[in-house]
Amino acid sequence: MVKASRETRSKFLKVKCPDCENEQLVFEKATSVVECTVCGRILAEPTGGKAALKADIVATFE
């Protein structure tokens, strides 16, 4: 019997807002605009694939 291995190709990213230093999780392939929950600055914008990040990546989670 052959087991199909499923690897996730996308990740969650912990990003830091450049304005208020708030850290929050963002999906790497976000399909909608992601805003900072504290100050409202745009952290990620969809591009049809991986999101365009406007914040610093602190950590990655699979």
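Glycine is treated like the rest: Cβ placed from N, Cα and C.
According to Swiss-Prot, the protein carries these features:
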ZN_FING   17-39  zinc finger
BINDING   Cys17, Cys20, Cys36, Cys39  Zn(2+) binding site
Given a Cβ distance threshold of under 8 angstroms, which distant residues of the chain, six or more beyond its ends, lie next to the zinc finger (17-39)?
10-11, 45-46, 49-51, 53-56, 58, 61
Three states by DSSP: which one describes Cys39 (Zn(2+) binding site)?
coil
Within 8 Å of the centroid of the Cβ atoms of Cys17, Cys20, Cys36, Cys39, which other residues of that chain place their own Cβ, given that this set defines the recorded Zn(2+) site?
Pro18, Asp19, Glu21, Asn22, Thr37, Val38, Gly40, Arg41, Leu43
Local Cβ density at Cys36 (Zn(2+) binding site) - other Cβ atoms counted within 10 Å:
21
Counting Cβ neighbours within 10 Å across all chains shown, tell me which of the binding-site residues Cys17, Cys20, Cys39 comes out on top.
Cys17
